[in-house]
Amino acid sequence: MTVLDRFLKYVTFDTQSNEETGTTPSTPGQRVFAEALVKELEAIGMEEISLDENSYVMATLPANTDEKIPTIGFIAHLDTSPDMSGKNVQPRIVTYLGGDIVLDAEENVVLSQSMFPELSDYKGQDIIVTNGKTLLGADDKGGVAAIVASMQYLKDHPEIKHGKIRIAFTPDEEIGQGADHFDVEKFGCDWGYTIDGGQIGELEYENFNAAGAKIIFKGLNVHPGYAKDKMQNASLRAIEFASWLPAEQRPEHTTGYEGFFHLTGMTGSVEEATLSYIIRDHDRKLFEEKKELLRTLVDKMNEAHPGCAHLELRDQYYNMREVVEPQKHIVDLAFEAMTSVGVEPIVKPIRGGTDGARLSFMGLPCPNIFAGGLNFHGRYEFLPVRSLEKSMETVIKIIELSARKS
(Lines of atoms letter the chains of each structure in order from A; the text may use other names.)
(Lines give C-alpha, C1' and ligand atoms only; values in the text may rest on other atoms or scores of the structure.)
Protein backbone atom coordinates (compact mmCIF):
# COMPACT_ATOMS: atom_id res chain seq x y z
CA MET A 1 0.00 0.00 0.00
CA THR A 2 1.47 3.37 -1.03
CA VAL A 3 1.54 6.43 1.17
CA LEU A 4 -1.21 7.88 -1.03
CA ASP A 5 -3.35 4.76 -0.61
CA ARG A 6 -2.96 4.99 3.14
CA PHE A 7 -3.90 8.65 3.22
CA LEU A 8 -7.02 8.15 1.13
CA LYS A 9 -8.04 5.35 3.48
CA TYR A 10 -7.32 7.28 6.67
CA VAL A 11 -9.39 10.34 5.78
CA THR A 12 -12.52 8.17 5.65
CA PHE A 13 -12.33 7.87 9.46
CA ASP A 14 -14.33 10.61 11.19
CA THR A 15 -11.97 11.75 13.95
CA GLN A 16 -13.04 15.34 14.58
CA SER A 17 -12.20 16.22 18.19
CA ASN A 18 -14.54 18.02 20.59
CA GLU A 19 -13.30 20.08 23.54
CA GLU A 20 -16.68 19.95 25.29
CA THR A 21 -16.85 16.22 26.06
CA GLY A 22 -14.26 16.05 28.83
CA THR A 23 -13.13 12.57 27.76
CA THR A 24 -9.94 11.18 26.24
CA PRO A 25 -10.23 10.68 23.39
CA SER A 26 -12.82 13.39 23.09
CA THR A 27 -14.70 11.54 20.34
CA PRO A 28 -15.24 7.80 19.71
CA GLY A 29 -14.08 8.01 16.09
CA GLN A 30 -10.51 8.54 17.26
CA ARG A 31 -10.62 5.22 19.10
CA VAL A 32 -11.93 3.49 15.99
CA PHE A 33 -9.07 4.94 13.94
CA ALA A 34 -6.51 3.99 16.59
CA GLU A 35 -7.72 0.39 16.60
CA ALA A 36 -7.51 0.26 12.80
CA LEU A 37 -3.94 1.57 12.92
CA VAL A 38 -2.96 -1.11 15.43
CA LYS A 39 -4.10 -3.76 12.94
CA GLU A 40 -2.09 -2.12 10.16
CA LEU A 41 1.02 -1.94 12.32
CA GLU A 42 0.63 -5.62 13.17
CA ALA A 43 0.26 -6.42 9.48
CA ILE A 44 3.52 -4.72 8.52
CA GLY A 45 5.45 -6.41 11.32
CA MET A 46 5.93 -3.63 13.86
CA GLU A 47 6.74 -4.72 17.41
CA GLU A 48 5.86 -3.57 20.95
CA ILE A 49 2.53 -2.28 19.68
CA SER A 50 0.37 -0.74 22.38
CA LEU A 51 -3.00 0.98 22.55
CA ASP A 52 -3.81 2.42 25.95
CA GLU A 53 -7.12 3.40 27.52
CA ASN A 54 -6.74 6.97 26.22
CA SER A 55 -6.16 5.79 22.62
CA TYR A 56 -2.44 6.57 22.41
CA VAL A 57 -0.86 4.18 19.92
CA MET A 58 2.84 3.33 20.20
CA ALA A 59 4.98 0.85 18.27
CA THR A 60 8.61 -0.08 17.62
CA LEU A 61 10.67 -0.79 14.55
CA PRO A 62 13.63 -2.67 16.08
CA ALA A 63 17.19 -1.79 15.13
CA ASN A 64 18.69 -3.92 12.37
CA THR A 65 22.29 -3.23 13.34
CA ASP A 66 24.41 -3.64 16.45
CA GLU A 67 25.80 -0.13 16.08
CA LYS A 68 24.94 2.28 18.90
CA ILE A 69 22.41 4.64 17.33
CA PRO A 70 20.06 7.08 19.09
CA THR A 71 16.42 6.06 19.39
CA ILE A 72 14.28 8.46 17.37
CA GLY A 73 10.51 8.88 17.60
CA PHE A 74 7.98 10.05 15.02
CA ILE A 75 4.59 11.35 16.13
CA ALA A 76 1.34 12.36 14.42
CA HIS A 77 -2.17 12.95 15.72
CA LEU A 78 -5.38 11.04 15.14
CA ASP A 79 -7.89 13.87 15.33
CA THR A 80 -8.99 16.52 12.88
CA SER A 81 -10.06 20.05 13.71
CA PRO A 82 -13.41 20.73 15.40
CA ASP A 83 -13.73 23.81 13.19
CA MET A 84 -15.07 21.87 10.17
CA SER A 85 -16.82 18.57 9.66
CA GLY A 86 -14.59 15.54 9.08
CA LYS A 87 -17.50 13.17 8.46
CA ASN A 88 -17.92 11.49 5.08
CA VAL A 89 -14.77 13.05 3.62
CA GLN A 90 -14.74 12.41 -0.13
CA PRO A 91 -11.28 13.27 -1.45
CA ARG A 92 -10.53 13.48 -5.12
CA ILE A 93 -7.28 13.81 -7.01
CA VAL A 94 -6.97 16.43 -9.72
CA THR A 95 -4.05 17.23 -11.97
CA TYR A 96 -3.68 20.95 -11.42
CA LEU A 97 -3.15 22.82 -14.68
CA GLY A 98 -3.75 26.32 -13.35
CA GLY A 99 -6.75 28.50 -12.59
CA ASP A 100 -9.53 27.65 -10.16
CA ILE A 101 -10.76 24.26 -8.97
CA VAL A 102 -14.50 23.83 -8.50
CA LEU A 103 -15.04 21.81 -5.34
CA ASP A 104 -18.84 21.95 -5.19
CA ALA A 105 -20.59 23.30 -8.27
CA GLU A 106 -24.01 23.25 -6.64
CA GLU A 107 -22.92 25.46 -3.74
CA ASN A 108 -20.37 27.38 -5.83
CA VAL A 109 -17.46 26.40 -3.59
CA VAL A 110 -14.29 27.16 -5.53
CA LEU A 111 -10.63 26.73 -4.62
CA SER A 112 -9.60 30.01 -6.19
CA GLN A 113 -6.09 30.86 -7.27
CA SER A 114 -6.73 34.52 -6.52
CA MET A 115 -7.72 33.72 -2.94
CA PHE A 116 -5.11 30.97 -2.51
CA PRO A 117 -2.15 32.03 -4.69
CA GLU A 118 -0.02 29.20 -3.27
CA LEU A 119 -1.92 26.94 -5.68
CA SER A 120 0.34 28.18 -8.46
CA ASP A 121 3.33 26.48 -6.77
CA TYR A 122 1.79 23.12 -7.62
CA LYS A 123 0.95 23.60 -11.28
CA GLY A 124 1.39 20.34 -13.15
CA GLN A 125 1.13 18.24 -9.97
CA ASP A 126 -1.57 15.92 -8.71
CA ILE A 127 -3.29 17.41 -5.68
CA ILE A 128 -5.91 15.96 -3.35
CA VAL A 129 -8.89 18.23 -2.71
CA THR A 130 -12.22 18.05 -0.86
CA ASN A 131 -15.75 17.96 -2.23
CA GLY A 132 -16.35 21.38 -0.69
CA LYS A 133 -18.44 20.07 2.19
CA THR A 134 -15.78 18.92 4.67
CA LEU A 135 -12.16 19.45 5.52
CA LEU A 136 -9.66 17.04 3.97
CA GLY A 137 -7.81 15.84 7.06
CA ALA A 138 -4.25 16.22 5.82
CA ASP A 139 -3.76 17.70 9.29
CA ASP A 140 -2.75 15.23 10.42
CA LYS A 141 -3.63 12.09 8.53
CA GLY A 142 -0.93 13.11 6.10
CA GLY A 143 1.52 12.74 8.98
CA VAL A 144 0.03 9.41 10.03
CA ALA A 145 0.27 8.09 6.47
CA ALA A 146 3.87 9.29 6.06
CA ILE A 147 4.95 7.55 9.26
CA VAL A 148 3.21 4.23 8.61
CA ALA A 149 4.37 4.16 4.99
CA SER A 150 7.97 4.89 6.00
CA MET A 151 7.90 2.03 8.50
CA GLN A 152 6.59 -0.28 5.77
CA TYR A 153 9.38 0.88 3.45
CA LEU A 154 12.09 0.19 6.01
CA LYS A 155 10.65 -3.25 6.72
CA ASP A 156 10.78 -3.96 2.98
CA HIS A 157 14.34 -2.59 2.61
CA PRO A 158 16.50 -4.15 5.33
CA GLU A 159 19.60 -2.96 3.49
CA ILE A 160 18.91 0.47 5.03
CA LYS A 161 20.56 0.22 8.42
CA HIS A 162 18.86 1.97 11.30
CA GLY A 163 18.60 2.13 15.04
CA LYS A 164 15.51 1.54 17.13
CA ILE A 165 12.60 3.64 15.88
CA ARG A 166 9.51 4.46 17.90
CA ILE A 167 6.26 5.83 16.50
CA ALA A 168 3.21 7.26 18.26
CA PHE A 169 -0.24 8.49 17.31
CA THR A 170 -2.00 10.78 19.76
CA PRO A 171 -5.61 11.89 20.26
CA ASP A 172 -6.98 15.41 20.66
CA GLU A 173 -4.04 17.49 19.45
CA GLU A 174 -6.42 19.94 17.79
CA ILE A 175 -7.99 20.86 21.14
CA GLY A 176 -4.63 21.23 22.87
CA GLN A 177 -4.75 17.94 24.76
CA GLY A 178 -2.55 15.72 22.62
CA ALA A 179 0.24 15.47 25.17
CA ASP A 180 -1.97 15.27 28.27
CA HIS A 181 -1.50 11.53 28.75
CA PHE A 182 1.61 10.93 26.63
CA ASP A 183 4.05 8.65 28.46
CA VAL A 184 7.47 10.04 27.50
CA GLU A 185 9.29 7.45 29.59
CA LYS A 186 7.44 4.59 27.92
CA PHE A 187 8.14 6.10 24.49
CA GLY A 188 11.83 5.95 25.37
CA CYS A 189 13.39 8.16 22.70
CA ASP A 190 16.42 10.43 22.65
CA TRP A 191 14.42 12.90 20.60
CA GLY A 192 11.43 12.96 18.28
CA TYR A 193 9.73 14.73 15.40
CA THR A 194 6.07 15.53 14.92
CA ILE A 195 4.97 15.14 11.31
CA ASP A 196 2.35 17.85 11.59
CA GLY A 197 3.60 20.75 9.48
CA GLY A 198 2.07 22.29 6.41
CA GLN A 199 3.60 22.93 3.01
CA ILE A 200 6.50 20.91 1.66
CA GLY A 201 9.80 21.89 3.28
CA GLU A 202 8.46 23.25 6.55
CA LEU A 203 10.84 22.62 9.44
CA GLU A 204 9.87 24.25 12.70
CA TYR A 205 11.35 24.38 16.15
CA GLU A 206 9.75 27.62 17.34
CA ASN A 207 6.09 27.95 18.22
CA PHE A 208 3.80 30.26 20.11
CA ASN A 209 3.62 30.51 23.84
CA ALA A 210 -0.09 29.93 24.36
CA ALA A 211 -2.78 30.63 26.92
CA GLY A 212 -6.55 30.45 27.01
CA ALA A 213 -8.71 33.04 28.75
CA LYS A 214 -12.36 33.24 29.65
CA ILE A 215 -13.83 36.48 31.00
CA ILE A 216 -17.24 36.12 32.64
CA PHE A 217 -19.37 39.24 33.11
CA LYS A 218 -22.27 39.44 35.57
CA GLY A 219 -25.19 41.79 35.04
CA LEU A 220 -28.53 42.67 36.55
CA ASN A 221 -31.71 42.23 34.56
CA VAL A 222 -34.91 44.16 35.20
CA HIS A 223 -37.88 44.95 33.00
CA PRO A 224 -36.52 47.25 30.26
CA GLY A 225 -39.46 49.59 30.70
CA TYR A 226 -38.36 50.30 34.25
CA ALA A 227 -34.62 49.81 33.88
CA LYS A 228 -33.40 53.37 34.41
CA ASP A 229 -30.47 53.43 36.85
CA LYS A 230 -31.06 49.76 37.66
CA MET A 231 -30.21 47.50 34.71
CA GLN A 232 -26.61 46.36 34.29
CA ASN A 233 -26.20 44.68 30.92
CA ALA A 234 -23.48 42.02 31.01
CA SER A 235 -23.37 41.76 27.22
CA LEU A 236 -22.63 45.46 26.89
CA ARG A 237 -19.88 45.15 29.49
CA ALA A 238 -18.36 42.35 27.39
CA ILE A 239 -18.49 44.46 24.24
CA GLU A 240 -16.86 47.34 26.08
CA PHE A 241 -14.11 45.06 27.38
CA ALA A 242 -13.39 43.65 23.92
CA SER A 243 -12.99 47.19 22.59
CA TRP A 244 -10.22 47.88 25.11
CA LEU A 245 -7.89 45.26 23.64
CA PRO A 246 -5.51 46.56 20.93
CA ALA A 247 -7.15 46.05 17.54
CA GLU A 248 -3.78 45.77 15.81
CA GLN A 249 -3.06 42.66 17.89
CA ARG A 250 -5.77 40.53 16.33
CA PRO A 251 -4.87 37.51 14.15
CA GLU A 252 -6.02 39.20 10.95
CA HIS A 253 -3.46 41.97 11.49
CA THR A 254 -0.44 39.90 12.54
CA THR A 255 2.17 37.69 10.89
CA GLY A 256 5.61 36.17 11.47
CA TYR A 257 6.66 36.63 15.09
CA GLU A 258 3.77 38.96 15.94
CA GLY A 259 1.47 37.72 18.68
CA PHE A 260 -2.24 38.29 19.14
CA PHE A 261 -5.42 38.19 21.19
CA HIS A 262 -8.03 36.10 19.38
CA LEU A 263 -11.69 36.23 20.36
CA THR A 264 -12.75 32.63 19.71
CA GLY A 265 -16.26 32.80 21.10
CA MET A 266 -18.82 34.90 22.90
CA THR A 267 -22.16 34.27 24.55
CA GLY A 268 -24.33 36.82 26.22
CA SER A 269 -27.52 37.95 27.85
CA VAL A 270 -28.30 40.80 30.20
CA GLU A 271 -27.57 38.62 33.22
CA GLU A 272 -24.33 37.01 32.06
CA ALA A 273 -21.89 37.19 29.17
CA THR A 274 -18.67 35.36 28.37
CA LEU A 275 -15.72 36.18 26.13
CA SER A 276 -13.32 33.37 25.21
CA TYR A 277 -9.83 34.32 24.02
CA ILE A 278 -6.63 32.63 23.06
CA ILE A 279 -3.40 34.56 23.67
CA ARG A 280 -0.35 33.85 21.56
CA ASP A 281 3.22 35.18 21.31
CA HIS A 282 6.60 33.66 20.43
CA ASP A 283 8.39 35.94 22.89
CA ARG A 284 7.90 34.82 26.50
CA LYS A 285 8.18 38.39 27.84
CA LEU A 286 5.55 39.71 25.42
CA PHE A 287 3.38 36.69 26.20
CA GLU A 288 3.46 37.50 29.90
CA GLU A 289 2.69 41.15 29.12
CA LYS A 290 -0.39 40.14 27.14
CA LYS A 291 -1.70 38.10 30.05
CA GLU A 292 -0.99 40.96 32.43
CA LEU A 293 -2.94 43.32 30.17
CA LEU A 294 -5.99 41.08 30.51
CA ARG A 295 -5.67 41.13 34.30
CA THR A 296 -5.32 44.92 34.28
CA LEU A 297 -8.40 45.38 32.10
CA VAL A 298 -10.47 43.06 34.30
CA ASP A 299 -9.41 45.14 37.31
CA LYS A 300 -10.37 48.29 35.40
CA MET A 301 -13.82 46.86 34.66
CA ASN A 302 -14.33 45.89 38.29
CA GLU A 303 -13.28 49.33 39.49
CA ALA A 304 -16.04 50.84 37.36
CA HIS A 305 -18.55 48.08 38.05
CA PRO A 306 -17.61 46.21 41.26
CA GLY A 307 -17.80 42.44 40.97
CA CYS A 308 -18.78 42.58 37.32
CA ALA A 309 -15.91 40.65 35.71
CA HIS A 310 -14.10 37.41 36.52
CA LEU A 311 -11.02 36.15 34.65
CA GLU A 312 -10.09 32.51 34.14
CA LEU A 313 -6.61 32.27 32.61
CA ARG A 314 -4.68 29.11 31.82
CA ASP A 315 -1.33 28.54 30.12
CA GLN A 316 -1.55 25.89 27.38
CA TYR A 317 1.97 25.41 26.03
CA TYR A 318 5.27 27.21 25.58
CA ASN A 319 7.77 27.92 22.80
CA MET A 320 9.85 24.76 22.32
CA ARG A 321 12.81 26.79 21.05
CA GLU A 322 14.29 27.12 24.54
CA VAL A 323 14.40 23.31 24.80
CA VAL A 324 15.31 22.38 21.22
CA GLU A 325 17.95 25.02 20.47
CA PRO A 326 20.53 23.56 22.88
CA GLN A 327 20.20 20.34 20.84
CA LYS A 328 20.23 22.00 17.44
CA HIS A 329 21.75 18.90 15.82
CA ILE A 330 18.28 17.34 15.68
CA VAL A 331 17.07 20.27 13.56
CA ASP A 332 20.21 20.11 11.43
CA LEU A 333 19.60 16.39 10.83
CA ALA A 334 16.10 17.05 9.51
CA PHE A 335 17.43 19.94 7.39
CA GLU A 336 20.03 17.65 5.80
CA ALA A 337 17.46 14.91 5.25
CA MET A 338 15.15 17.26 3.37
CA THR A 339 17.98 18.54 1.20
CA SER A 340 19.03 14.96 0.45
CA VAL A 341 15.60 14.07 -0.94
CA GLY A 342 15.35 17.20 -3.07
CA VAL A 343 13.29 19.37 -0.74
CA GLU A 344 14.25 22.95 0.06
CA PRO A 345 13.84 23.41 3.84
CA ILE A 346 11.69 26.30 5.02
CA VAL A 347 12.71 27.07 8.59
CA LYS A 348 10.16 29.37 10.16
CA PRO A 349 8.23 29.83 13.41
CA ILE A 350 4.97 27.97 13.82
CA ARG A 351 2.06 30.35 14.21
CA GLY A 352 0.38 27.71 16.31
CA GLY A 353 1.43 24.73 18.36
CA THR A 354 2.01 21.01 18.06
CA ASP A 355 2.15 18.09 20.44
CA GLY A 356 5.91 18.49 20.12
CA ALA A 357 5.83 21.84 21.89
CA ARG A 358 4.55 20.30 25.11
CA LEU A 359 6.52 17.10 24.68
CA SER A 360 9.71 19.15 24.45
CA PHE A 361 9.04 20.48 27.94
CA MET A 362 8.23 16.95 29.11
CA GLY A 363 11.73 15.76 28.22
CA LEU A 364 11.35 14.83 24.55
CA PRO A 365 12.83 17.52 22.25
CA CYS A 366 10.52 17.43 19.27
CA PRO A 367 10.74 19.72 16.20
CA ASN A 368 7.99 19.68 13.60
CA ILE A 369 8.26 18.50 9.98
CA PHE A 370 5.93 19.06 7.03
CA ALA A 371 3.14 16.66 6.18
CA GLY A 372 2.49 18.61 2.98
CA GLY A 373 -1.03 19.99 3.26
CA LEU A 374 -2.26 23.56 2.95
CA ASN A 375 -5.32 25.54 4.11
CA PHE A 376 -5.89 23.29 7.10
CA HIS A 377 -9.16 23.15 9.08
CA GLY A 378 -11.52 24.01 6.25
CA ARG A 379 -13.14 23.01 2.98
CA TYR A 380 -10.30 24.56 0.95
CA GLU A 381 -7.68 22.25 2.42
CA PHE A 382 -5.58 20.44 -0.18
CA LEU A 383 -2.57 18.12 -0.28
CA PRO A 384 -0.16 17.79 -3.21
CA VAL A 385 0.66 14.11 -3.70
CA ARG A 386 4.36 14.84 -4.22
CA SER A 387 4.50 16.73 -0.92
CA LEU A 388 3.05 13.73 0.92
CA GLU A 389 5.56 11.43 -0.74
CA LYS A 390 8.43 13.74 0.17
CA SER A 391 7.27 13.81 3.78
CA MET A 392 7.60 10.03 3.85
CA GLU A 393 11.01 10.20 2.15
CA THR A 394 12.19 12.76 4.71
CA VAL A 395 11.28 10.45 7.59
CA ILE A 396 13.21 7.60 5.97
CA LYS A 397 16.23 9.80 5.27
CA ILE A 398 16.36 11.12 8.86
CA ILE A 399 16.51 7.52 10.05
CA GLU A 400 19.16 6.60 7.48
CA LEU A 401 21.36 9.63 8.19
CA SER A 402 21.14 9.12 11.93
CA ALA A 403 22.56 5.62 11.52
CA ARG A 404 25.35 6.81 9.23
CA LYS A 405 26.39 9.61 11.55
CA SER A 406 26.56 7.23 14.51
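For all residues, glycine too, the Cβ spot is worked out from N, Cα and C.
Taken from Swiss-Prot as is:
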type	residues	note
BINDING	H77, D139, D196	Zn(2+) 1 binding site
ACT_SITE	D79	active site
BINDING	D139, E174, H377	Zn(2+) 2 binding site
ACT_SITE	E173	active site, proton acceptor
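What Swiss-Prot annotates, mapped onto the structure for a quick look.
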residue: H77; record: Zn(2+) 1 binding site; DSSP (3 states): strand
residue: D139; record: Zn(2+) 1 binding site; DSSP (3 states): helix
residue: E173; record: active site, proton acceptor; DSSP (3 states): helix
residue: D196; record: Zn(2+) 1 binding site; DSSP (3 states): strand
residue: H377; record: Zn(2+) 2 binding site; DSSP (3 states): coil
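Cβ environment of E174 (Zn(2+) 2 binding site): S17, H77, D79, T80, S81, P82, D139 lie under 8 Å away, each six or more residues apart in the same chain.
If you take the Cα of the residue listed as 'active site, proton acceptor' and the Cα of H377 (Zn(2+) 2 binding site), they are about 13 angstrom apart, rounded to a whole number.
Summary of the Zn(2+) 1 site environment: with the site residues H77, D139, D196 set aside, the chain residues having Cβ atoms within 8 Å of the Cβ mean position are A76, D140, G142, G143, E173, E174, T194, I195, T354, D355, A371. The Zn(2+) 2 site is defined by D139, E174, H377, and by the 8 Å test on Cβ atoms against their centroid, the other residues of the chain that qualify are D79, T80, S81, D83, L135, D140, F376.
Within 10 Å of the Cβ of D196 (Zn(2+) 1 binding site) there are 30 other Cβ atoms, across all protein chains. Between the alpha carbons (Cα) of H377 (Zn(2+) 2 binding site) and D196 (Zn(2+) 1 binding site) lies a span of roughly 13 Å. Each of the binding-site residues H77, H377 was scored by the number of other CB atoms within 10 Å of its CB, and the largest score is that of H77.
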